[in-house]
Amino acid sequence: MLQPQILTARQQQELNKAIIQYIKPIAEEANDGDLIQKLSESLDVPLGSIDDSVIPNYLEKKWSTVLRLQHKIIDLEGEVSNLRTVIDSQQIVPSASASVIGKDKINWLPSSSIKAFKTQSHQLVQSVSIHPALPIILGGCSDGSLIIWNLVNDESLIPEKIIKAHIRGVNTIAWSKKPVDLSGKGSEAKGIAHVMATCSSDLSIKIWDGATFKHIRTLTGHEHTISSIVFSASKPNILYSVSRDKSVKVWDLVNGYCIKTFIGHSDWVRDIDVISVNSNLLQEQSDINPELGDFLVTCSNDQSIRLSHAESGTGLSLSIGHTHVIECVKFLPFHSNYIIDKYIKENESLFPNISPEVLDDPNYTNLLGYKYCISGGRDNSVKLWLLPPPVFRPHRHPLPSQLNNSQGWLIADLVGHQSWVKSLHIHPNGRFVFSGSDDKTIKIWDLSSLNVNGRVKCVKNLIGHEGFVNDIEFASFEITNNIHASKTADDGKTKTEEDRRNELMKSIESKIRCLFISGGVDNCIRLWS
């Protein structure tokens, strides 16, 4: 029985000619003229009609075109899926819920751009920052300039100061988490102030007085572009940096020396974040061991996220799941754990490799200070990870985790961006995640939506930039000893976890500053309200 024809008569004729055109040079090279003659007769194609009417290399071009179209179809299907996810998430959040989000200060979210601070045409904004105590914003530009605006000036759109900080682009601007005494006379000395640091593609880190913006000293030692810097969470005079030379360096700002270098990645290290059990934003404040110091999380072009112990440089775990370069990574604050722990416990079947003992491990609280992190990369995704606890031995630094082959557990994918995710930031309440992307948008994700259906929803989509969004920042606030949640009430009764969390949120709400900025390649820093 003959199979029905898929091609028309004309298409069949073109295919037959293309087959002979493809086979002919192969047969001639093999001195097999009879093959071509028989093929011509079988396909009813005169040999003289091929060269005139058939495009050269017709069969190969058809084949490669089909492959390209298949790849394009796959890409378009993925894009449609992402758009459906965004639309669904926006439709699922009811208006009543939206009003609750913006109702109180602790849940304040930006919604529209109210000011645009312009730079010159050759000054693409690569990094942004907000002064930790004053209404001052800063932008680091591609020409090495550091531009400073004061938000309370009458002419706030005019820069208060422009500093030629570096000879190449300013990649990161970082502030000390507490005032720093660089004189070495002790942190209790009067007159000390916050310190600012900038890093650049010119292979240098520069330290600046946070009050006067005068240059204090320059740190050198990296052999390639310095991607990111962050101040220690437990020692104000310590700075960490990562570079394209694959290394992580630890700097003592009092004397300007590099006191430690370690390499944990096989390619360009893009970003770094730090956390410590000494943080005053923990829900538990008893029985902590400050001796372990800081823990670092770094991400790289090698598509991995590495958790390290800062003092020893020991790698404790790797988180692998991104399919392209990872641009940014952040620890989640400890008060985010309540939201994510609840989701995992309510959906145990989705995480068969995560035992209840891991989720309830007291070492996260008493010794480590970290539990979850998020990452964003060039695969257009933001990923949420549970980091495994390390192994502890008496009188030794922490050792690599023995759980899950020393790898982090992927908890959720935040899907919605159409291009590279370049920057991440965490809302002070620990509930919302901000992501800036090359698709010109900033998305706000609600981690509490994990408790609904296991998918993190995008609750807001900030549109205003006309080019790639390179950096975003939510204003920090001073962390003091009274920002914590104790275990017991005044009457001696033990507080519930919910009570401690509510107390912590009230403490944060009293300090929070509702300022959010972003910077991009459209020569603009935007202030959102």
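Using N, Cα and C of the backbone, Cβ positions are placed for all residues, glycine too.
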In Swiss-Prot, which of the ranges 24-45, 68-89, 200-221, 266-287 has the coiled coil annotation? 68-89
Arithmetic mean of per-residue pLDDT over the repeat 'WD 4' (264-318): 84
Could you give me the DSSP helix, strand and coil counts for the repeat 'WD 5' (321-395)? 26 helix, 19 strand, 30 coil
If you count CB pairs under 8 A between the repeat 'WD 6' (416-455) and each of 165-218, 321-395, 496-529, the winner is 321-395
Which sequence positions outside the repeat 'WD 7' (496-529), separated from its termini by at least 6 residues, show Cβ-Cβ distances below 8 Å to it? 104-106, 108, 110-121, 123-128, 130, 135, 137, 139, 149, 151, 281, 283, 335, 338, 428-429, 434, 436, 440, 442, 462, 464-478, 480, 482-487, 489
